[in-house]
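A short write-up of the structure that comes next.
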Amino acid sequence: MIEYEVVGDDRRPAVWLSIVLIAIGILGCFTSTAFCPLALRMTAQNPSGLTVLHGVAALVADMVLPVWLLWRHRQPFTITLVTAAISLVLPIGNTVPLIALACLLGRRRGAASWWATAAVTITTTIVGIVDAARSPKAASTIKTLLSPANTPDAADLTVSWFTVAAFIAAGLIISIGSGLWRRTQRATTSLTRERDVAQATNAKLGDELSRREERERIAQEIHDQLGHRLSLLSLQSGALETQLRDNPDVVKAAHEVQAGAAAAVNDLHSLLSVLTESRVTPDLPLSKLAEVIDESFGAGQPLNSSVFIEDADRVDPAVSRAVYRIVQELLTNAAKHAPGQTTTLRIRGNPRDGISIDATNGYIGGWAGGPSAHSRGLRGITERVELLGGSLHYGLDDNLFHVHVDIPWQ
């Protein structure tokens, strides 16, 4: 099959342009039909039935074929080749085939478009030569158009072949030239549109990168300042516990303060590691995800995992990084907030459906009553997923905490 390429999009052309082209097509068709041997036979006394049928077919073609140009954006090859073939059978002239060819060249490129151009060139040349060879003047469109206005219809004129060739060439040059000019316009518009989309995407990515860097900077400042104060609080509560050993209530309260401060410091470390992971985590293909889960992420906690990803090495690196970090965060949350509970992890992925992650673990309070470290971790996962155009859902069911993540393949 001969190949071709669509230039730009195939949106319907402007209505005003279609009206203009249809009007030109109808004018050209009726002019060619009016000045041909068939028209002379039709106006003679007692024309034959075959002549009448031939004339009716020509008049129908004169009205229908130009209207067919409304669909030139969807059927450019069909319209061009069919109208060119009909011009050899019916006296409709070359106007509609040449308009169709110009529209084809404006919307398609490739070998197929040039084969269509060759076909229209052949039919246009044949129709032009046959028309120029007809006599008298009233039976030839070319002779009628080129002869003086006062020349009798019955005159037997001769037109030089150079003039005929120039007449035919002019029609082809206008058709092919306007088609190629329109193609250049459409290609330029398409490239401009693609450039604008790329610039908008780059601007969006730049803004997101700036926001991410700002979040990392703020997280680091919070970690440094709040971590320092929590460390001082832990030291002071430890000193208070040592100095007031004779007062059990004070010792207990000081111990609780110390434990709470230590837990808060650990949470800050975990939060900062999540926010800054992109600068320290090497890129790993998803084909190694199951191995990494068994060796690292799931170490020290009961875990049932199932990983099946088609074409794992072909996943976009950004998606691959996100999957690793999401899995790490889910298992970290489960270890923190449901220690000793078995976590079930199921990961599936393919180029058609994207990647889905399901995590389930036993629930040990601390989430349903209000915001907690657990919900903060999930908000971080949600932000990461939304950046990739995915979605996240989580909730409680039968005392089990479920998380479901969907991420596009790329």
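Here the Cβ of each residue, glycine as well, is placed from N, Cα and C on the backbone.
No curator has checked TrEMBL annotations; they are predicted automatically.
The transmembrane segment annotation in TrEMBL covers 15-40, 52-71, 77-105, 112-130, 159-181.
When the stretches 52-71, 112-130, 159-181 are ranked by Cβ pairs under 8 Å to the transmembrane segment (77-105), first place goes to 112-130.
In terms of C-beta pairs under 8 Å, the stretch of 52-71, 112-130, 159-181 lying closest in packing to the transmembrane segment (15-40) is 52-71. When Cβ-Cβ distances below 8 Å are used as the criterion, the transmembrane segment (52-71) is approached by residues 18, 21-26, 29-30, 33, 38-39, 41-42, 79, 83, 86, 90-92, 96, 99-100, 103 of the same chain, each at least six residues removed from its ends.
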